[in-house]
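Reviewing the structure listed below.
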């Protein structure tokens with residue numbers, strides 16, 4: 001890949017990973033418009049790692065508090081709001097792990113195409129709008145509970161379907177269950193840590209066994225750009241939804257779905 005392609009794809013990954021607008025839909029557009037080939041496994045690992053670093057550093061205080069409380073709940077039997085939240089995040093991760101393992105080959109073979117992504121981009125955009133308008137928005141992140149956490153986890157598993165958007169599906173479910181916009185977004189971001197870490201380990205294992213050459217300069221640049229874009233995205237997204245809700249992202253999803261449909265039918 002040339003430098004321009006690295007910059008564009010890393011920006012797309014960083015900006016769309018945590019917005020409810022589907023990163024897979026956006027990665028299709030440059031390929032369609034510019035005729036780019038697949039960026040390769042090593043680059044996927046690099047930009048995903050950059051996004052993971054961004055969410056870990058942004059929420060470092062919350063994650064550290066959760067980790068200490070989680071250890072205390074195991075070792076000393078001391079339970080607190082942070083330890084409960086940590087257990088809920090772990091519980092919410094399980095459905096995606098199970099269904100990802102069981103269905104990854106089917107999804108890669110049958111669902112990773114422009115038609116599916118166009119439909120899911122529109123349908124789940126409408127669901128996000130409905131959830132944002134109908135939700136009570138009165139529960140904090142510490143009022144999630146294990147039942148709601150598990151349901152949000154199943155929504156994350158549903159996001160294995162390309163175009164759905166992991167953050168979009170989890171935020172939609174959280175809003176439907178009564179969480180505030182800020183709580184829904186923060187729970188979704190925290191959920192991304194174990195999922196992204198697990199995916200990075202698995203894909204990294206495949207990469208280590210691959211005989212293909214690695215362009216370390218491109219990977220380093222992609223990681224740095226993805227990190228910076230994702231960090232800024234998280235910061236400003238939390239500000240936007242507190243003032244405007246999810247409507248701007250719903251409108252964007254509908255427009256993006258229309259563009260993708262144009263590639264199919266025109």
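Cβ coordinates are placed from backbone N, Cα and C, and glycine is handled just like the others.
Look at Swiss-Prot and you will find 1-21 (among others) tagged as transmembrane segment.
Annotated transmembrane segment per Swiss-Prot: 39-59 (among others), in sequence order, evidence recorded as sequence analysis. Long-range Cβ contacts of the transmembrane segment (39-59) within its own chain (Cβ-Cβ under 8 Å, at least 6 residues beyond either end) map to 1, 5-6, 9-10, 13-14, 17-18, 186, 189-190, 192-193, 196-197, 199-200, 203-204, 206-207, 210, 212, 214-215, 218-220, 222-231, 233-235.
Residues or ranges marked as transmembrane segment in Swiss-Prot: 87-107 (among others).
Nonlocal intrachain contacts for the transmembrane segment (114-134), taken as residues 6+ away from its ends with a CB within less than 8 angstroms of a stretch CB, comprise 20-22, 24-25, 28, 32, 161-165, 168-169, 171-173, 175-176, 181, 245-247, 249-250, 253-254, 256-258, 260-261, 263-264. What Swiss-Prot records for 114-134 (among others) is transmembrane segment, and it gives sequence analysis as the kind of evidence.
Within the chain, the transmembrane segment (149-169) has long-range Cβ neighbours (under 8 A, six or more residues past its boundaries) at 17-25, 88-89, 91-96, 98-100, 103-104, 107, 111-113, 116-121, 124-125, 128, 177, 185, 187-189, 191-192, 195, 249, 253. Annotation comment: Swiss-Prot describes 149-169 (among others) as transmembrane segment.
Swiss-Prot lists 183-203 (among others) with the feature transmembrane segment.
The feature transmembrane segment is assigned by Swiss-Prot to 218-238 (among others).
The transmembrane segment annotation in Swiss-Prot covers 246-266 (among others).
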Problem set entry | Candidates 1-21, 87-107, 246-266; stretch with most C-beta pairs under 8 Å toward the transmembrane segment (183-203) | 87-107
Seminar exercise, completed: Note: vs the transmembrane segment (1-21), the recorded stretch with the largest number of Cβ pairs under 8 Å from 87-107, 218-238, 246-266 is 218-238
Problem set entry | Residues from the same chain, set at least six apart from the ends of the transmembrane segment (218-238), whose C-beta lies under 8 A from its own | 1, 3, 6-7, 9-11, 13-15, 17-19, 42-43, 45-51, 53-55, 57-58, 182, 185-186, 189
